[in-house]
Amino acid sequence: MKKKWFYTLLIPGLTLIIVFLFIPLIYTIGSTFIGEEGYSFARYIEFLKDGYYIKIFNRTLRIALITSLVCMILGMPVAYYISRTKKSVRGIFIACTVFPLLTNSVVRSFAWMTILGSNGVINKLLMNLNIIDKPLKLLYTESAIIIGTVYLFLPLMVVSLVGVMENIENDLLEAAESLGANRIKAFFKVIFPLSVPGLIVGCVLVFTGAFTAYTTPQLLGGNTNIVLSTLVYQRAMTLGDWTGASVVATVMIVTTLTVIGVINKLASRLNERGV
């Protein structure tokens with residue numbers, strides 16, 4: 001009886017998911033294979049042969065991977081510090097970490113524009129210190145996009161890691177130190193392996209967000225550093241080529257799923273080796 005009610009309660013949610021997610025997704029992907037001569041991969045072959053598209057794809061993938069790596073490097077020590085604090089203080093730190101997520105990404109991107117611009121904080125400071133004679137080109141670069149996406153998604157990495165690290169007993173660290181390991185060695189031999197599940201979740205969230213981000217790359221990268229999400233918008237809204245936009249969107253979906261699969265496979269191998 002309980003199972004029957006459980007499945008009955010699932011019907012409305014499943015119906016919404018099927019109608020508003022799966023059906024449009026199937027239509028979007030299916031339309032990319034329909035050509036003048038029937039079903040074919042012609043549009044995808046055209047995408048892969050176009051050097052302009054490949055350049056944008058490589059840029060987007062590079063930004064997402066670097067963002068994930070930087071978030072991992074910055075997030076682990078921060079998450080470890082938060083996880084070792086008292087529970088009363090830990091809640092405050094987590095709230096401060098999550099707080100930027102409550103601010104719209106457009107607002108945060110505009111904040112970085114004022115910092116990285118020609119008349120921004122960094123250039124003014126360097127010029128006042130006589131370190132540079134003319135403003136550096138910091139805005140509208142690939143580096144600016146990476147800085148913006150790291151700032152945007154770093155809280156997701158930290159929160160994912162804190163949830164795992166706070167369950168690691170201090171006794172394990174003390175045991176490692178008693179066997180001659182210093183703090184750094186104990187961290188990489190004890191904390192890091194046990195943090196892999198949270199690290200995987202964080203990497204998936206950060207990579208997916210950075211790979212599909214639109215607002216931050218558009219504002220901080222400008223028209224000279226177009227990413228795939230910008231390309232989708234241009235093909236659909238500017239050129240009216242909805243099929244071309246669907247091809248790019250499908251490539252993004254397949255790439256994201258592939259990277260997530262690789263991350264999960266890597267995590268499985270690390271667990272098998274006991275790392």
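Going from the start of the chain as shown, residues are counted 1 onward.
Note that Cβ sites are derived from N, Cα and C of the backbone, with glycine treated the same way.
In TrEMBL, annotation is done automatically, which means it is predicted and not curated.
Since this is a predicted model, take the numbers as computed values, not measurements.
Feature list (source: TrEMBL):
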{"type": "DOMAIN", "residues": "57-263", "note": "domain 'ABC transmembrane type-1'"}
{"type": "TRANSMEM", "residues": "7-29", "note": "transmembrane segment"}
{"type": "TRANSMEM", "residues": "61-80", "note": "transmembrane segment"}
{"type": "TRANSMEM", "residues": "92-115", "note": "transmembrane segment"}
{"type": "TRANSMEM", "residues": "144-165", "note": "transmembrane segment"}
{"type": "TRANSMEM", "residues": "186-214", "note": "transmembrane segment"}
{"type": "TRANSMEM", "residues": "242-263", "note": "transmembrane segment"}
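With a threshold of 8 Å between CB atoms, the same-chain residues lying at least 6 positions outside the transmembrane segment (61-80) that come near it are 97, 142, 145-146, 149-150, 153-154, 156-162, 165, 187, 191-192, 195, 198-199, 202-203, 206-207, 210-211, 217, 227, 255, 259. Using a Cβ-Cβ cut-off under 8 Å and counting only residues 6 or more beyond its ends in the same chain, the transmembrane segment (242-263) has close neighbours at 28-29, 31-32, 43-44, 47, 53, 57, 61, 64, 200, 203-204, 207-208, 211-212, 228-229, 231-233, 235-236.
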